[in-house]
Every structure is written in C-alpha cells, then in structure tokens.
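Straight from Swiss-Prot, the features:
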type     : residues                     : note
ACT_SITE : K96                          : active site, schiff-base intermediate with DXP
BINDING  : G157, A184, G185, N206, T207 : 1-deoxy-D-xylulose 5-phosphate binding site
Amino acid sequence: MLKFYDKTVTSRLLIGTALYPSPAIMQDAIRASGAEIVTVSLRREAAGGKTGDAFWKLINELNVTVLPNTAGCRSVREAVTTAKLARELFGTSWIKLEVIGDNDTLQPDVIGLVEAATILIKDGFEVFPYCTEDLTVATRLVDAGCRVVMPWAAPIGSAKGIINRDALKLLRDRLPDITLVVDAGLGAPSHAAGALELGYDAVLLNTAIAKAADPVAMARAFRLGVEAGRTAYEAGLMDARDFASPSTPVVGTPFWHAVS
C-alpha cells in the first residue's frame with residue numbers, strides 16, 4: 001500500500017492522459033496499467049465544449065483519482081493561478097506543480113517552484129512538485145510542507161531513463177519519510193523497474209506509453225516493470241562488487257569422487 005497525503009492506493013504507477021492516438025486507446029491503456037491516479041492538464045479541460053465533456057466522461061468511467069497539473073506554466077503567478085482554477089474545476093486540493101524554467105529542456109524553475117509550493121500549501125493545497133534530482137531543492141520543498149516530491153529521471157519525453165542514479169539514491173536515503181515519485185524521462189519498463197529498485201515509491205509517466213506502437217500493451221509492460229522493481233527492492237538486492245565472487249564452491253572433494 002502507498003499513501004499520497006491522506007489517500008491510500010495500491011498501484012505504484014501514475015500515468016498521464018495526453019498524446020494517445022485516440023481517447024479509446026487512452027482509456028484502455030489506463031485500465032491495462034492498473035493506475036489509480038492519472039494526471040490531467042487544466043488547459044485541456046479549460047478548452048471546454050463537447051471535446052472536453054467527452055474527455056471528462058471517459059475519465060469518470062475509469063473510476064480513478066485525478067491529479068490536475070500546471071503543465072506549461074512558466075511563472076509563479078501563472079502556476080498559482082492555474083492551480084486555483086484546477087481546484088475549482090476538479091474539486092480537489094491536489095495539484096501536480098510544474099513551473100518550467102527552460103523551453104528546450106523543460107527543466108523546472110526550481111526557485112519559482114519552491115515559491116509557488118509555499119504559496120499553495122498555505123492556501124490548503126496538497127502539492128506534488130515536479131523538480132530536478134537536486135537534494136537541496138527537494139529539501140526546500142519538504143520544508144515548505146510537501147509530503148510528496150517528484151524528481152525527474154531525465155528531461156520530459158526524452159525516454160533516456162535515469163541519468164543521475166546516485167543523486168536519486170541520495171534523495172531516497174536522505175528523505176526516508178517522504179513519498180518519492182520519479183517523474184519524467186522514463187522510456188522503458190526497465191527504467192521504471194530501476195526506479196522502484198532504488199526504493200522510490202512510484203513512477204509517473206506519459207509519453208513512453210502514449211507514443212508506443214501499442215500503448216495498451218506498453219501500459220501492461222510498465223505495470224509489470226513497476227511490480228518487479230518493487231518486489232526486488234523488498235526482497236533485498238545484493239550489493240554490487242568491483243571483483244568477481246564465485247557462486248559455486250571450489251573447496252572440498254568433487255562430488256563425482258565422493259565415496260558412497
């Protein structure tokens with residue numbers, strides 16, 4: 001079981017709702033993933049009209065928890081305003097907070113992120129901040145009141161997997177009581193498994209599933225990858241070594257020489 005603020009879930013895979021070939025495929029992929037939490041962009045819903053209504057109907061049919069996001073926001077003011085609109089529209093105090101600082105890498109503006117998180121938490125929000133793997137930034141977010149922190153593995157949509165494993169491991173070691181979710185940059189189920197093997201509580205992704213040749217099958221693959229990674233972490237992974245260590249004993253009499 002896993003807790004996000006006061007909500008308990010069983011799935012450690014969170015997925016986005018954008019970029020799918022069709023709404024029907026999106027719905028089937030979410031079901032196949034087993035995800036209980038999906039991210040939704042306010043900008044998509046705010047467009048309104050029949051398209052927005054149809055999308056919202058599909059989401060409601062899935063019986064999942066919606067995590068609105070502030071995707072595309074590039075200032076503290078814009079992110080805070082978007083979060084407040086999302087709370088009104090979706091009826092939730094949850095917000096996946098994004099404050100983008102660079103258009104090419106979509107790297108978070110971590111200074112603005114901490115400022116926006118502080119403002120929103122004081123206003124009663126439960127913030128899921130998208131950040132880099134920087135320990136100081138994560139610590140500042142926790143000090144501001146975030147009980148969930150979501151560092152990236154790599155730039156959004158890059159599919160590179162975990163670039164700075166040591167930094168992510170340090171975050172896990174230093175923030176043992178915080179729910180940590182690897183968010184962005186995962187491209188393969190093995191990447192998700194690796195994040196869970198590090199002790200991360202969950203992963204959030206979108207493009208790797210939505211842009212796969214078969215999004216539904218890929219969603220199922222990520223579900224299995226997450227389950228495998230968590231099981232491996234709980235089982236206790238052996239430590240890596242610099243030198244070989246024989247797995248077969250070489251001391252004693254060979255079995256074919258033993259006297260019965």
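Even glycines carry a Cβ here, placed using N, Cα and C.
Feature map: Swiss-Prot annotations on the structure.
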residue : record                                         : Cβ contacts under 8 Å, 6 or more apart
K96     : active site, schiff-base intermediate with DXP : T39, L67, P68, N69, T70, F128, P129, Y130, M150
G157    : 1-deoxy-D-xylulose 5-phosphate binding site    : L106, A184, G185, T207
N206    : 1-deoxy-D-xylulose 5-phosphate binding site    : I15, G16, T17, A18, L19, T39
Within a 10 Å radius of its Cβ, which of these binding-site residues (A184, G185, T207) has the fewest neighbouring Cβ atoms?
T207
For the recorded 1-deoxy-D-xylulose 5-phosphate site formed by G157, A184, G185, N206, T207, name the remaining residues of the chain with Cβ within 8 Å of the site's Cβ center, in chain order.
P155, I156, S158, A159, L186, G187, L205, A208
